[in-house]
Each structure stands twice: as structure tokens, then as C-alpha cells.
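The structure appears right after this line, and notes come after that.
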Amino acid sequence: QIPIPSVPVFQPSTPIPERLEAVQRYIRELQYNHTGTQFFEIKKSRPLTGLMDLAKEMTKEALPIKCLEAVILGIYLTNNITTLDRFPISFKTHFSGNYFRHIVLGVNFGGRYGALGISRREELMYKAPVFRTLSELIFDFEEAYRRCWHTLKKVKLGHCVSHDPHSVEQIEWKHSILDLDKLTREDFRKELERHARDMRLKIGKGTGPSSPTKDRKKDVSSPQRGQASPHRRNSRGDRRPSGEKKPADSKTMPDLNGYQIRV
């Protein structure tokens with residue numbers, strides 16, 4: 001019988017780098033799918049909770065996987081490492097007249113970058129979190145591709161993925177699309193670091209489960225912006241700007257005024 005890999009279980013005291021190594025070891029033990037048949041259908045537009053259910057099914061079936069499935073598994077197996085930032089990194093390369101695509105799960109822990117994933121090539125999957133900047137990590141992948149005689153053409157970077165396995169958000173797969181044919185080396189580096197700053201800012205404001213809060217804040221602020229236009233119209237009509245303009249057309253002004261007091 002073919003042995004079924006065991007899903008890694010961690011103690012609270014297990015260091016994060018060791019957990020990442022264990023997750024990568026599990027992904028590698030599932031083996032790369034060379035059959036040409038996709039065992040699991042992954043739709044990138046599905047909400048995170050649906051993709052996590054699919055990842056759980058992958059652990060039960062323990063079938064060979066490809067790079068996109070490895071990314072979903074990597075997210076699933078690191079959800080409880082809340083101090084770890086995860087984001088997708090996609091590559092488009094050119095070799096011998098053909099284009100090839102690959103994806104890994106970028107990780108950031110303690111200000112150091114690395115990656116989880118699976119590939120036919122050992123150097124195009126796991127990267128320990130030792131890179132000081134995002135650009136160093138991407139340049140390392142580029143050099144690995146060069147050793148395989150592939151020319152890196154495009155890099156797509158997503159934003160950090162929520163740690164809430166029940167989140168209905170969609171993964172942002174391509175927040176930044178960098179075309180190397182249109183960028184100088186220095187501009188490429190600057191764009192990578194800009195994306196890294198964007199992720200840090202988003203994390204600072206709150207990501208994942210906190211996003212609905214952001215949406216609610218937007219909803220609250222919208223009426224305020226909507227009231228601004230009537231105020232301007234009032235001034236043109238020689239009326240004094242006030243919050244009473246909006247409910248003027250209502251049949252029960254006292255009730256609306258009471259509502260405004262409650263707000």
C-alpha cells in the first residue's frame with residue numbers, strides 16, 4: 001500500500017520556521033502530479049471558506065497535486081500561524097518558444113520573506129524565510145529560472161490572505177502585475193518594494209476578518225458625503241446649510257429628527 005502522508009500537527013512552542021518546514025515536507029510528500037489529470041478543480045473566484053473545504057478534502061484524498069493546489073494547501077495548513085503573512089506569487093516565463101506559468105505561496109515572518117509550494121524543480125518551490133526583502137526573494141526565483149534556461153516575463157503579486165478559514169472573501173491573486181519587458185531592473189525592484197509596503201500598510205489597518213468593518217465604515221461615511229452636495233445646493237439657494245435639508249421631503253419630520261438624535 002502507498003503510505004498516506006500525515007498532516008502536520010504543531011505544539012504551541014514549535015518555532016515558526018520549523019512549522020513551515022513541516023508544511024513544505026507534507027506538500028512534497030504528496031508528490032507532484034505528472035499524470036496530466038487535474039484531481040482537484042480550483043476556481044480562484046471561490047471564497048476562502050470554499051477553498052479551505054477543498055484543502056481539507058485534499059488532505060483526506062492525499063493525491064498528487066500541482067502548484068495551485070499546493071498554494072491552497074499551504075494557506076490551509078498555516079491558518080493557525082497568525083503571525084505569518086501569506087500572499088500568492090505567480091510567475092510567467094518563456095522557454096523554447098513557449099510560455100509557462102507557476103505559482104507559490106509567499107510568506108513573511110518577522111520581516112523575512114520565503115515561499116511554500118511544489119514544482120518539478122526543487123529550486124522553484126520552497127524558500128526558507130531568510131530573505132530580508134521581497135525583491136531578494138523574487139530575484140532568487142528569477143535566478144533559479146535562469147538556471148533552468150527560462151526567462152522571467154511577468155510577476156503577479158497578491159495581497160495577504162485572511163487567517164479566518166470561514167471568511168467569505170476572495171483571495172486577491174494579482175494586486176500588482178509587473179511586466180519585466182516594460183521595467184528596468186531598478187524599477188522592477190522598486191515596484192516589488194512598493195508592493196511589500198502596501199501589504200504592510202494593509203496589515204497595519206487590519207486584513208482578513210476586519211475587511212467587513214472597513215466596508216461598514218465606508219457605508220457610514222457615504223451618507224456624510226451625500227449630505228455635502230445638498231449643503232452646496234443650499235448655499236446656492238441662499239439657504240442656511242443644515243442637517244434638516246435631507247428629511248424635508250419626509251412625511252414625518254419629527255421622527256426623522258429623533259432618528260438623527262439616536263445616530
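From the backbone N, Cα and C atoms, a Cβ is placed for every residue, glycine too.
As written in TrEMBL, here are the features:
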- C67: active site (ACT_SITE)
- H102: active site (ACT_SITE)
- S119: active site (ACT_SITE)
- 199-263: region 'Disordered' (REGION)
- 235-249: compositional bias 'Basic and acidic residues' (COMPBIAS)
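Within 10 Å of the C-beta atom of S119 (active site) sit 18 other C-beta atoms, taking all shown protein chains into account. Recorded residues S119 (active site) and C67 (active site) have their alpha carbons 6 Å apart, per Cα-Cα distance.
Counted within 10 Å of its Cβ, the other Cβ atoms near C67 (active site) come to 21, all protein chains included.
The number of other CB atoms found within 10 A of the CB of H102 (active site), across every protein chain shown, is 22.
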